[in-house]
């Protein structure tokens with residue numbers, strides 16, 4: 001039973017998610033003038049306790065790089081050599097961040113696995129010295145303690161953390177395609193148990209402080225303080241330091257012990273893991289789960305398992321060696337380069353490159369309380385924006401308000417909010433059927449039906465009741481913004497803000513500017529999106545913008561493949577097997593067959609035969625029979641409420657029978673089907689950069705992965721071209737062009753890169 005429980009606790013293992021970085025606030029501190037020569041780490045002495053403060057300048061977060069490591073070793077050597085110091089406290093001067101991790105840019109210059117492995121070994125040696133410190137060191141944690149930051153903390157003799165939402169602990173290296181390389185794979189299993197350690201390392205999930213305490217990852221919690229003469233953050237940090245200093249004194253005086261007693265279940269699990277058979281069963285179960293979920297596309301999880309297994313079965317020395325070697329191997333893989341590229345792209349897309357807007361948006365108004373409008377309202381009020389939600393019917397408005405409340409209440413169930421906080425946030429939302437209050441609106445976002453006439457109508461109405469400075473943003477997914485703005489009296493204030501469904505889950509926001517959109521309007525739209533917690537790309541106006549324009553030719557190819565006789569389940573298996581989180585046929589059902597038809601027709605008119613392939617007639621017939629996808633319960637699949645299982649909709653065969661296309665054997669292998677889907681997407685993405693729709697490859701990759709589910713392991717269409725090779729992409733396109741024509745003709749920019757192997761999107 002104990003063995004099954006140890007294995008069962010791994011059931012929380014989830015599929016890959018993308019790392020969300022946390023912003024941190026700077027906080028000043030005082031230190032002795034003799035120590036000011038150090039940039040990142042200084043210390044002062046309180047009685048016989050050294051208080052080591054980490055504070056990387058000109059950065060919102062503390063990260064571990066070679067300079068920080070050098071200063072840390074220098075400081076620790078001084079402390080160990082000073083007989084007046086008997087213990088130490090390690091604390092950050094940034095209230096929202098302990099240490100956010102190691103600086104991944106250290107790996108950028110590595111050209112061999114051995115170079116990367118040396119970086120791992122240096123970290124291991126530093127933390128081993130800390131672990132064996134003759135003077136106890138207490139880690140005082142407030143804010144994010146991630147990656148190398150957690151490895152630093154668990155090498156200390158004791159850990160105290162603030163019990164608030166900003167304090168999270170985790171090892172997200174797997175999300176970057178690598179593993180914890182400074183001893184994490186060896187210390188974590190001993191500290192929290194093998195099942196919990198696997199769960200942390202294989203998912204990269206963040207652990208909140210209260211949960212970390214129950215796991216044994218943190219030894220003591222400190223409640224945050226409220227406001228006083230100083231801010232709550234400053235008061236909490238000072239209190240945390242005071243508690244940590246007192247405990248460090250107690251450790252040095254041997255009045256308290258760093259060893260925590262384990263509960264019965266922890267003792268039973270630890271005992272079970274001493275039995276070789278149980279350990280082998282755990283390894284086997286975890287490996288099988290990893291292989292099933294990653295489909296062999298991500299090498300890091302299996303290497304994490306190997307490193308842990310080596311340490312447990314062969315001892316510490318072998319474990320640390322395995323960790324550093326596997327870290328070096330992973331750092332040079334295409335997958336890690338792709339995932340690190342996405343991380344860097346995310347950081348770029350969370351900044352407002354258009355500067356601060358002249359006027360901050362304080363009052364937001366949203367037109368349309370449907371799925372999208374209510375979703376936009378939820379992410380707005382959740383971040384403190386006062387929001388008006390207008391609809392034309394009482395029923396529609398009520399449904400929208402209920403959706404917002406449910407979204408907030410779900411957070412209460414997950415203990416992310418209290419019921420008081422939920423009600424306070426919900427009070428920021430005012431629902432109405434008229435334009436009352438719009439005279440104070442700084443921005444109006446319309447989420448009405450995708451019909452140009454309807455959008456023209458509401459634009460005119462909005463401009464008649466809002467102030468001159470008010471921005472009008474359209475949440476259209478395909479209609480050109482310049483066409484919407486054609487009836488505007490203030491075209492410089494009109495912009496596109498394309499959200500993705502479900503709005504509270506999807507991170508991407510695609511902002512679309514016309515030739516007349518002012519820079520200040522763009523800056524305001526980006527500022528609102530960032531406040532809503534979005535990752536933002538800004539693109540030029542045009543049919544389909546960037547994301548819908550890339551999706552349309554890919555979906556056209558999907559329809560053709562279905563017409564050629566590949567059933568939806570096989571197509572889904574092939575596309576998820578290539579790295580898409582959702583299969584192609586399932587994606588069509590999720591988007592909505594009616595929406596797919598609408599987009600296919602509009603973009604078909606705009607781009608002609610190049611967007612051809614599959615017959616739009618298939619979509620039309622499905623819509624006529626009410627097969628709209630998940631929202632209607634039937635699409636390519638049949639969906640049942642409350643059930644994750646789905647069966648093929650056999651009635652689709654009756655529709656397809658008159659639309660069958662003969663498959664071409666030379667381009668119909670499983671691999672060809674995968675590359676037909678991916679290359680049409682990639683070619684269109686590169687063409688968007690060529691035409692100036694996209695400003696940078698980074699935004700193109702972020703938009704594709706975060707908005708459309710392009711395989712994260714490939715890093716986005718532009719990173720894929722760099723890693724796979726432009727010439728190979730062009731060769732693939734030429735092969736399919738010979739079978740299908742101009743739909744696969746490679747764009748000029750791709751051909752240019754193929755002709756010059758030294759040119760890449762990322763130099």
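Note that Cβ sites are derived from N, Cα and C of the backbone, with glycine treated the same way.
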Going by what Swiss-Prot says, which of 419, 643, 668 is noted as phosphoserine?
419
From 120, 257, 650, the annotation phosphoserine in Swiss-Prot is attached to 650
Fewest other C-beta atoms within 10 angstroms of its own C-beta: which of the recorded positions 498, 644 fits that?
644
In the structure shown, with every protein chain counted, which of the modified residues 249, 460 has the densest set of Cβ atoms within 10 angstroms of its Cβ?
249
Students should find that the Cα atoms of residue 151 (site 'Important for long-chain enoyl-CoA hydratase activity') and residue 173 (site 'Important for long-chain enoyl-CoA hydratase activity') sit apart, in Å rounded to an integer, by 11
Cα distance, residue 498 (site 'Important for hydroxyacyl-coenzyme A dehydrogenase activity') to residue 505 (N6-succinyllysine), nearest Å?
14
Rounded Cα separation (Å) that holds between residue 173 (site 'Important for long-chain enoyl-CoA hydratase activity') and residue 129 (N6-acetyllysine):
23
To see if you understand the setup: which same-chain residues, six or more apart in sequence, place their Cβ under 8 Å from that of residue 353 (N6-acetyllysine)?
526
If you measure between the CA atoms of residue 460 (N6-acetyllysine) and residue 440 (N6-succinyllysine) and round to the nearest Å, you get 17
